[in-house]
Amino acid sequence: MAVFKTTLWWLISGTLGIICLSLTATLGILLKNSFTKLSIEPAFTPGPDIELQKDSDCCSCQEKWVGYRCNCYFISSEQKTWNESRHLCASQKSSLLQLQNTDELDFMSSSQQFYWIGLSYSEEHTAWLWENGSALSQYLFPLFETFNPKNCIAYNPNGNALDESCEDKNRYICKQQLI
C-alpha cells in the first residue's frame, strides 16, 4: 500500500510540474508578444516577399500600415499612376515615400517589386526634387543624372531605382513621419 501511495504522489506531482512549465512558457510568449509593437493587420497583406522586422517602441500606426523606425508606411498592393499614388497618399495625411537613407526600407529588403516614390523632376528648378521640395541627395541614387526628366521614379527596396513614365502604373509606398 505504501508503494502505491508513493507512485500516485509522483504521478500527480509530475503532472502538475508539466502543467506549471507549460503555463510558464505560455506566459513568457504572451509577455514577449505584448511588448512588441509592430502594428500590422492580417488584412494588410503587403505581399509574400515582404519580410517585417521589429519596430522600435516610438510609434503606433493606423490599420493596414507598417510601423518601422518611428515612421508608418503603407505599401500598396494595387497599381496606380504616379499622380494617382500621390493623391491617395495625401488623402491619408501622408506623402509618397521620401527616402532619408538607403537603409530606410530594410524591413522590405526581400521585395523585388518597384514602387512609386515621391521623387520627380522639377523643370522650374531643373532638378530632381522630393514632394516637399527638398533636393535629392546624390549618394542615394548615384546615377540619377541618367534619369529622364520627363519620368517619375520607381524604387525597389533592394536599392534600385528606375525612371518610368509617370503614366505607367506601379505599386506605391506612402510614408507618415511620426516624429
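For all residues, glycine too, the Cβ spot is worked out from N, Cα and C.
Residues or ranges marked as topological domain 'Extracellular' by Swiss-Prot on the basis of sequence analysis: 32-179. Per-residue pLDDT, averaged over the topological domain 'Extracellular' (32-179), rounds to 78.
The Cβ neighbour count for Cys70 (disulfide bond), using a 10 Å radius and every protein chain shown, is 13. Residues or ranges marked as disulfide bond by Swiss-Prot on the basis of sequence analysis: Cys58-Cys70 (among others).
In the three-state DSSP scheme, Cys72 (disulfide bond) is classed as strand. What Swiss-Prot records for Cys61-Cys72 (among others) is disulfide bond, and it gives sequence analysis as the kind of evidence.
Annotated domain 'C-type lectin' per Swiss-Prot: 68-175, in sequence order.
Among the features that Swiss-Prot reports, N-linked glycosylation site is placed at Asn83 (among others), with the record citing sequence analysis. Residue density at Asn83 (N-linked glycosylation site): 13 other Cβ atoms are found within 10 A of its Cβ, drawing on all protein chains shown.
Cβ neighbours within 10 Å of Cys174 (disulfide bond), excluding its own Cβ and spanning all shown chains: 25. Taken from Swiss-Prot, the feature disulfide bond applies to Cys89-Cys174 (among others).
If you draw a 10 Å sphere around the CB of Asn132 (N-linked glycosylation site), it holds 8 other CB atoms from the protein chains shown. Taken from Swiss-Prot, the feature N-linked glycosylation site applies to Asn132 (among others).
Counting only residues at least six positions away in the same chain, the Cβ atoms of Thr81, Trp82, Asn83, Ser120, Asn151, Cys152 sit under 8 Å from the Cβ of Cys166 (disulfide bond). Look at Swiss-Prot and you will find Cys152-Cys166 (among others) tagged as disulfide bond.
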Please state whether DSSP places Cys152 (disulfide bond) in a helix, a strand or coil. strand
Can you tell me the CA-to-CA distance separating Cys70 (disulfide bond) and Cys61 (disulfide bond), as a whole number of Å? 9
Considering Cα atoms only, can you say which of Cys61, Cys72, Asn132 is the nearest neighbour of Cys174 (disulfide bond) among these recorded positions? Cys72
